[in-house]
Amino acid sequence: MVQVYLVFTTNYFPWLTIVAVLPIFGGSLIFFLPHKGNKVIRLYTLFICIIELLLTTYAFYYYFQLDDPLMQLTEDYKWIDFFDFYWRLGIDGLSIGPILLTGFITTLATLAAWPVTRDSRLFHFLMLAMYSGQIGLFSSRDLLLFFIMWELELIPVYLLISAWGGKKRLYSATKFILYTAGSSVFLLLGVLGIGLYASNEPTLNFETSANQSYPVALEIIFYIGFLIAFAVKSPIIPFHTWLPDTHGEAHYSTCMLLAGILLKMGAYGLVRINMEFLPRAHSIFAPWLMIVGTIQIIYAASASPGQRNLKKRIAYSSVSHMGFIIIGIGSLSDMGLNGAFLQIISHGFIGAALFFLAGTSYDRIRLVYLDEMGGMAVPVPKIFTTFSILSMASLALPGMSGFVAELIVFFGIITSQNFFLIQKILITFVMAIGTILTPIYSLSMLRQMFYGYKFFNAPNSYFFDSGPRELFISISIFLPVIGIGLYPDFVFSLSVDKVETLISNFLFINKKFS
């Protein structure tokens, strides 16, 4: 009994394996539940998500040291003897935030999927399979395991779009799988290249790969391969065209997972692999990342007002906000990278909330085009209020998380020692234009949906307003948005030590080889 107690109360307990495997294992049991209606399946899935979130929070609260930049809760088990493949898991300051975000958003997305009744067993199993893939990716310490978890996402998302999407769901699902599976080829080539370089046996351990040096030309080739893979998932223009179509057709609970977590996997990969493993190539590409990120902010913010489809307009706003993350990663400064990390968390909440509210609006009026809407503020005041507040968060209203994240990215560029003054002024000026364009598409979206007289004067224009379940989801997302906006140190405390170590190592390596 003493030995069992010690295992449970020390780092030797396989917390991350349990957290990564529990959702897909629990999800597979859905098919064995008795046929007593969809309510049992929904409650069971929600129970798995809540248990998973509580386990994750408990393990991180008691066993994760915030001031330690090294990997913690590490696990290292030999999985396949044939080619020396290990099950390696571990977390640090970069991965703890996205893992907690994944648990939170997936739990709320499961609650948001309550109206789904057709083939609900398969639907909820796919959501839980996605959950395992996301946790596994963010906690992976092995390149091949990272790739497997990356691929684990594709089939569930494809099926969720193609089976429960809108009228053009097959087109959108096919486009999604072609883009993401095609980019995965580059990821696999990069993984094999790094793993097999200068070694007779594969070396796929993150720690070994991070300390390996490569010829600059080879490093650039690896960097480009990984960049293409992560650029599609983030997305970075011009690899973004799958996103508006996918969001436009997917069920809103799937959109919550796409906007809240899936896009963040690409940004996480850019930092974890491109920046950490290939520092010299990253220093070469960093100015170009900043330029592309700036163009992305302006382009997507300009394209968004032209979208008739409500969810496509929100999708373009997501592309625009991801530009700030790309700029933060390219800034090569502590503050810029911390701002990018904060934007990953902030947009995860805000993007998921906006797609949820767009979906609840569609459930009532059965319209997707903004020019056919209007006057919804009177019949559905609760949806109007929550949509307005979270749209303000999206346009970076002071006091909310989006404002702090974008401000820190701005400061990261200004304080960066790696760029000339004229470069910093130009980037900052163009980014500022992007922040001016954001209120244009956000406020025009609110005006087209909620103001005017279309529904107010229409016969039979009574709609049910938000119920307790929908209000609970909206408030649950709003609280962290306002909490992080007022006290961003809560998020910075997770990442600041790891980011400082990462930037110090990055600058040291580049100085050493310069």
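Along the chain as shown, the residues are counted starting at 1.
Every residue, even glycine, has its Cβ placed from backbone N, Cα and C.
Per TrEMBL, the features are as follows:
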type	residues	note
DOMAIN	140-428	domain 'NADH:quinone oxidoreductase/Mrp antiporter transmembrane'
TRANSMEM	12-32	transmembrane segment
TRANSMEM	94-114	transmembrane segment
TRANSMEM	121-138	transmembrane segment
TRANSMEM	144-164	transmembrane segment
TRANSMEM	220-243	transmembrane segment
TRANSMEM	255-273	transmembrane segment
TRANSMEM	285-302	transmembrane segment
TRANSMEM	314-332	transmembrane segment
TRANSMEM	344-362	transmembrane segment
TRANSMEM	383-414	transmembrane segment
TRANSMEM	420-441	transmembrane segment
TRANSMEM	471-488	transmembrane segment
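Taking every recorded stretch in 94-114, 220-243, 471-488 and counting its Cβ pairs under 8 Å to the transmembrane segment (285-302), the highest total belongs to 220-243. The stretches the transmembrane segment (144-164) and the transmembrane segment (220-243) do not meet in space: the count of Cβ pairs below 8 angstroms, excluding pairs fewer than 6 apart in sequence, stays at fewer than three. Under 8 Å from some Cβ of the transmembrane segment (12-32) lie the Cβ atoms of residues 6, 41, 44-45, 48-49, 51-52, 55-56, 59, 63, 73, 75, 87, 89-91, 99, 121, 124-129, 131-132, 135-136, 139, all in the same chain and six or more residues away from its ends.
Counting only same-chain residues 6+ beyond the ends of the transmembrane segment (420-441), those with a CB under 8 A from a CB of the stretch are 287, 290-291, 294, 297-298, 301-302, 304-305, 313, 316-317, 320, 323-324, 327, 394-396, 406, 409-410, 413-414.
Against the transmembrane segment (121-138), the recorded stretches 94-114, 220-243, 314-332, 383-414, 471-488 differ in Cβ pairs under 8 Å, and the greatest number is found for 94-114.
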